[in-house]
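These come from Swiss-Prot:
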type: TRANSMEM; residues: 13-33; note: transmembrane segment
type: TRANSMEM; residues: 38-58; note: transmembrane segment
type: TRANSMEM; residues: 69-89; note: transmembrane segment
type: TRANSMEM; residues: 93-113; note: transmembrane segment
type: TRANSMEM; residues: 121-141; note: transmembrane segment
type: TRANSMEM; residues: 152-172; note: transmembrane segment
type: TRANSMEM; residues: 370-390; note: transmembrane segment
type: TRANSMEM; residues: 407-427; note: transmembrane segment
type: TRANSMEM; residues: 431-451; note: transmembrane segment
type: TRANSMEM; residues: 459-479; note: transmembrane segment
type: TRANSMEM; residues: 482-502; note: transmembrane segment
Amino acid sequence: MGIFSIANQHIRFAVKLACAIVLALFVGFHFQLETPRWAVLTAAIVAAGPAFAAGGEPYSGAIRYRGMLRIIGTFIGCIAALTIIITMIRAPLLMILVCCIWAGFCTWISSLVRVENSYAWGLSGYTALIIVITIQAEPLLTPQFAVERCSEIVIGIVCAIMADLLFSPRSVKQEVDREVDGLLVAQYQLMQLCIKHGDSEEVDKAWGDLVRRTAALEGMRSNLNMESSRWGRANRRLKALNTLSLTLITQSCETYLIQNTHPELITDTFRELFETPVETAQDVHKQLKRMRRIIAWTGERETPVTLYTWAGAATRYLLLKRGVIGNAKISVTEEEVLQGEPVVKVESAERHHAMVNFWRTTLSCVLGTLFWLWTGWTSGSGAMVMIAVVTSLAMRLPNPRMVAIDFIYGTLAALPLGLLYFLVIIPNTQQSMLLLCLSLAVLGFFLGIEVQKRRLGSMGALASTINIIVLDNPMTFHFSQFLDSALGQIVGCMMAFIVILLVRDNSRDRTGRVLLNQFVSAAVSAMTTNVVRRKENHLPALYQQLFLLMNKFPGDLPKFRLALTMIIAHQRLRDAPIPVNHDLSAFHRQLRRTADHVISAGNDDKRRRYFGQLLDELDVYQEKLRVWEAPPRVTEPVKRLSGMLHKYQHALTDN
């Protein structure tokens, strides 16, 4: 496919984007809004953002969800701006500096919350800055300006949502149905690999792919939940399927590890059963029936605990899978499965990374303020706004540098494109609403094609071009003002890029160490006799951390294996029949306190000291288990955990 070719699958969204832009433009001028540009820009960003992230037409619900986040972020930003202006209107410089800190604070929060919700916080940061900068000449108009901005942004979002609904939004349900079936087959094939106990790299690749596919299915569930309330029952089932899928991965990998020391535990009967190849979910269903008959015949005690648990989880998966595909009423049996254990929320391991993002955004905004005041350039304020926009949006993504480059390319492309519209197209079409709408529809259509291809600079070009062409009421054509706006965008993006390069983010290794220590803490916390604590479901949180580790350190198999081993240890200890007495309960609390100290230690020396203390306490704990005559189902997992911590002590304590 050539660089300028148009694929059939890209046309529908391009038309949808063009329709959103035209609708926002028409409504803006029809209701005599002062700056219809904001409504048009909002419609374009809300519609095109999910498409750029997805690399194609976004699923139904994604545009609506992004629109809701933009409304929330705008209102938070407006309230913050009004508060800052009311309290500091007599000190303009201090007011702007506080806005810079607010933008950094919002970026810090957006780095810690869920990725899908971080957009609202990033937006609220630079919205406050835009309002404070814009009303410098007339601060008494702040309430009116804030209301106008909120109104026009809401209009733009409504137009984007209407365009999405008008062109039959793409449902994610069929993809969910296919993936639910495919995931079950892949789970069975992973267990086949683990039973064979073949090449470890092949097994690592298989479980790594399954972790990613399970995370992707959870993302699809979020999209399905946003799509329509009628998928509520399917959404409940998919939540439970996420935990069941992670349980299947854990049991399969533990089966592989068990055979390193006790290959005789997997009998020939089960080896023969798993030699049969499977291609479809129906094949897996047949094999599970055979497996349940074998377990009933051999008895639970003669069946390896990992295979017994795996068969139970796979059976529940099959039960819920049928309900997801048919979206039928939840049966009594399904309700028992869905009334599972409370899911523990994950604690962010990226606090240092979030603090780096805070300083990047704050320093870049302060630098923009100093540049504006020093030069007195009329578009210094525009440059400052672009600095805030780029840093606020770039910091929450995995590669901020490439986001900044995308904005630079986009603003550079917007200069000639905006020049064409400013000098030729808009002056000749402003007398006709039809021609004006058609001209912007053409812009939206072709840039919509490029956005879906994730062309570098396409998203920045769309937003920057709309931002600098004259879409105000009334239209005024001042070339110097246009040129200042275009150059201000370019300078602002370049300054943001420079700050991102200068303020280095060295938090990757620290984040990796914190993640590994959180796995250790989770495994240690599983050693408890507290009934409520033992019922907590840590699997989604642990695998979410593992997924983050895989993204931070792609290809680092030793780290992945260590993390997976800790997850397996957590699950095994959670189900272990630990003797119930006050002596062990008190020591469990001591172990958890020491593990927490390891995570929160401020330097390597303290961390090594607390980690050494944890290892000593584990040795004491093993002795206590022998005194209290704990069964092998308890002592063996604790011994394996202690051995792993001794083996990887340096990886878990050194930066």
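Note that the numbers count up from 1, one per residue, in the order the chain is shown.
In case you wondered, yes, glycine gets a Cβ from its N, Cα and C as well.
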Inset, instruction - Six or more residues out from either end of the transmembrane segment (121-141), which same-chain residues have a Cβ under 8 Å from its Cβ atoms? - result: 69-70, 72-74, 76-78, 80-82, 84-85, 89, 92, 95-96, 99-100, 102-107, 109-110, 113, 149, 361, 365, 381, 384-385, 388-389, 392-393, 395-396
Inset, instruction - With Cβ distances under 8 Å as the criterion, find the stretch in 407-427, 431-451, 459-479, 482-502 that has the most pairs with the transmembrane segment (13-33). - result: 431-451
Legend entry - Listed stretch, out of 38-58, 69-89, 370-390, 407-427, 431-451, that has the most CB pairs under 8 angstroms to the transmembrane segment (482-502): 370-390
Inset, instruction - Considering only the recorded stretches 38-58, 370-390, 459-479, state which has the highest number of Cβ pairs under 8 Å to the transmembrane segment (407-427). - result: 459-479
Inset, instruction - Determine which residues of the chain contact the transmembrane segment (370-390) at the Cβ level, with the cut-off under 8 Å and only residues 6 or more beyond its ends counted. - result: 93, 103, 125-126, 129-130, 133-134, 136, 361, 364, 403-404, 407, 411, 481, 484-485, 487-489, 491-493, 495-497, 499
Legend entry - Winner by Cβ pairs under 8 Å against the transmembrane segment (152-172), considering only 38-58, 69-89, 431-451, 459-479: 38-58
